[in-house]
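See below for the structure under consideration.
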Amino acid sequence: MAGKELEDQTKNLLEDEALSGDSSDDDLQEMGTGGSRKIFFQIYIFILTFFTYATLHISRESWSFLKEKVKEKESPGIGLSSDDLGTIDMFFFFIYSIGIFISGILGDNLNKNLLIGCGYLITCAASIMIGLGGLWDIRSVWYYVGFFSLNGIGQSVGWPSVIAIMANWFPKKGRGFWFGVWAANPNVGNILGTLICSLTNDQFGLEWSWTWIIVAIIVGVFGIINFIFMIEHPDKVGIIIRDEQEEREAMLEQEQRPNTSEEENINLTQRNGDSTIDGNQSPNNDGLDKAAPPNINFFRAWCVPGVIQYSICYLCLKLCNYGIMLWLPTYVSEELLFTPSQKALIAILYDIGTIIGSISLGFLTDMLYGKRIPICYVSLLIATVFHSFLIFLGSSQKVLIFIVIFILGFFIGSISNMVASTACADIGKHASIKGNESALSTVTGIVDGTGSLGAAAGQKGIGYIQDHASWTAVFIMMTSFVFTSSIPISCIFIREIKEIINLRRVAKQEKVKTIK
């Protein structure tokens with residue numbers, strides 16, 4: 001009976017999907033003043049949030065690029081070892097992870113303009129102090145640990161807030177592709193960070209400290225821009241963003257509860273009905289939902305289906321992604337003797353692979369009825385194979401190393417982006433939360449915070465192993481974590497494959513009926 005019920009539910013969803021095509025005529029009619037206004041604001045929010053988070057990765061990539069200069073024993077270097085740099089990165093990500101748990105909760109309760117603005121200004125101030133430490137020739141590792149920890153607190157407000165804002169403005173349908181494009185913002189930030197460092201350090205000959213201060217000022221400027229110009233929800237400008245897929249899921253859930261009170265049915269109908277009157281303007285209180293459910297707490301958010309599995313997966317995945325991002329320039333300089341231009345090129349190549357992978361794999365998940373895990377799971381297994389190549393490749397095989405790094409960006413970087421953005425947006429809007437949009441920051445904070453704990457441990461581990469063993473040992477450790485990241489989502493992979501097969505079978509049956 002359970003299989004029959006699942007098939008019936010699938011038919012209903014597919015019929016609704018077909019009927020939603022009728023609404024496209026209404027959408028075309030909305031392309032007057034109201035529709036154009038909605039599209040304008042969506043483009044505006046897309047660009048603003050994209051570069052808002054990209055600025056944080058300008059900062060992070062700059063640090064990875066400048067590590068070689070920081071390790072120099074003579075001024076302007078400050079003589080820190082790889083183990084010291086690993087300690088700094090560990091504290092940064094550990095404090096960042098704690099901060100992001102808290103920021104996720106704050107993002108559900110406070111104004112996101114204020115939150116992003118204050119966080120970015122804290123990051124700006126802490127980064128300036130780090131740069132000044134280099135200019136003042138301060139060589140104590142704990143000075144930098146302290147200000148990098150403060151930097152981590154400031155940066156922790158970024159991801160949960162911008163994910164929640166994007167999810168408010170863009171509906172679930174097509175989210176895999178659009179979030180795939182948008183989630184390339186860390187990699188664009190990395191590329192810009194590499195270019196800024198190459199320009200200021202290698203071309204203009206500035207000390208690493210001045211480069212770091214310039215980057216800090218860029219972050220501070222974006223904090224002020226967000227404080228003044230960010231629009232966290234369409235309601236703020238009287239716009240309603242219809243999410244037909246979430247409406248159908250809510251209606252289906254309502255139909256499966258025969259004991260639902262008449263009052264709840266009226267509320268659900270009213271909530272869905274209000275959002276379909278105009279597509280842009282709400283007839284009551286500019287789209288404010290009077291019956292909005294209360295925020296879910298931090299502990300209840302862990303019970304949302306998928307949160308624990310995604311969090312454990314991201315813990316291992318972020319360790320590897322940031323291990324490549326923060327240590328690749330150091331590895332190719334010290335071990336493979338790359339020139340500065342080759343070092344910049346291979347760092348950019350990883351990000352280009354991530355950008356292409358984020359867009360193409362995100363589009364594929366949309367083609368699979370929005371099921372993200374099958375693509376994630378297969379990609380992680382492929383990435384495990386290619387990551388193991390780094391254990392054996394040496395300086396005489398530079399071309400192969402460039403190819404492998406691009407492929408790792410395509411699979412590891414893109415899946416990391418998908419888990420941290422699209423998947424978080426999906427589970428943050430899960431039916432079990434009953435339409436509570438404000439829960440999204442908390443869910444995102446949990447997933448990204450758990451991932452950052454892995455990144456914290458990984459950076460310390462990489463620095464320690466590199467100092468006391470070898471880069472080969474580092475790559476063995478990282479390869480094992482790439483494979484481990486696939487284990488928590490293996491059960492979801494099997495379930496979603498079955499769902500896809502069932503959806504395709506029912507779709508085929510409906511197509512045959514239509515032909516007859």
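Each residue, glycine too, has its Cβ placed from N, Cα and C.
The domain 'Major facilitator superfamily (MFS) profile' annotation in TrEMBL covers 38-497.
Below 8 angstroms of C-beta separation, residues 116, 120, 123, 155, 158-159, 162, 165-166, 169-170, 178, 182, 185-190, 192-193, 196, 215, 218-219, 222, 225-226, 229-231, 234, 237, 239 of the same chain, each at least six residues beyond the ends of the transmembrane segment (39-58), sit close to that stretch. Positions annotated as transmembrane segment by TrEMBL: 39-58 (among others).
The transmembrane segment annotation in TrEMBL covers 90-107 (among others). Within the chain, the transmembrane segment (90-107) has long-range Cβ neighbours (under 8 A, six or more residues past its boundaries) at 115, 119, 145, 148-153, 155-157, 159-161, 164, 298, 322, 441-446, 448-453, 455-457, 459-460, 463.
The transmembrane segment annotation in TrEMBL covers 114-136 (among others). Through the fold, the transmembrane segment (114-136) approaches residues 52, 55-56, 59, 70, 76, 78, 103, 106-107, 143-144, 147-148, 150-151, 153-158, 161-162, 207-210, 212-213, 215-217, 219-220, 222-224, 226-227, 230 of its own chain, all at least 6 residues removed from its boundaries and within a Cβ separation under 8 Å.
What TrEMBL records for 142-165 (among others) is transmembrane segment. Panel annotation: around the transmembrane segment (142-165), residues 45, 49, 52-53, 56, 59, 80, 87-89, 91-100, 102-104, 106-108, 112, 115-116, 118-127, 129-130, 133, 230, 232-233, 420-421, 424-425, 428, 437-438, 440-442, 444-445, 448 of the same chain, lying at least six beyond its termini, place a Cβ under 8 Å from a Cβ of the stretch.
Residues or ranges marked as transmembrane segment in TrEMBL: 177-196 (among others).
Annotation source TrEMBL lists transmembrane segment at 208-229 (among others).
The feature region 'Disordered' is assigned by TrEMBL to 250-286.
Feature annotation from TrEMBL assigns compositional bias 'Polar residues' to 266-285.
According to TrEMBL, the transmembrane segment annotation covers 312-332 (among others). Long-range Cβ contacts of the transmembrane segment (312-332) within its own chain (Cβ-Cβ under 8 Å, at least 6 residues beyond either end) map to 60-61, 63-65, 67-68, 82, 89, 93, 190, 338, 342-343, 346-347, 350, 376, 380, 387, 401, 405, 408, 412-413, 415-416, 419-420, 447-448, 450-455, 457-459, 462, 466, 471, 474, 478, 481-482, 484-486, 488-489.
Residues annotated as transmembrane segment in TrEMBL: 344-363 (among others). Within its own chain, the transmembrane segment (344-363) is flanked in space by residues 61, 64-65, 176-181, 183-184, 186-188, 190-191, 194-195, 197-198, 324-325, 328-329, 332, 338, 375, 379, 401-402, 405-418, 422, which lie at least six positions past its ends and keep a Cβ under 8 Å from the stretch.
Annotated transmembrane segment per TrEMBL: 375-393 (among others), in sequence order.
The transmembrane segment annotation in TrEMBL covers 399-419 (among others).
Only residues 6 or more beyond the boundaries of the transmembrane segment (439-457), in the same chain, are considered here, and those with a CB under 8 A from a CB of the stretch are 89-94, 96-98, 100-108, 159-161, 163-164, 167, 295-298, 301-302, 304, 307, 310-312, 314-319, 321-323, 419-420, 423-425, 427-429, 433, 481. Look at TrEMBL and you will find 439-457 (among others) tagged as transmembrane segment.
Residues annotated as transmembrane segment in TrEMBL: 469-494 (among others). Same-chain residues lying 6+ beyond the ends of the transmembrane segment (469-494) with a Cβ under 8 Å from its Cβ atoms: 306, 308-310, 312-317, 319-320, 323-324, 327, 331, 335, 373-374, 376-377, 380-381, 383-384, 387-388, 390-391, 412, 454, 458, 461-462.
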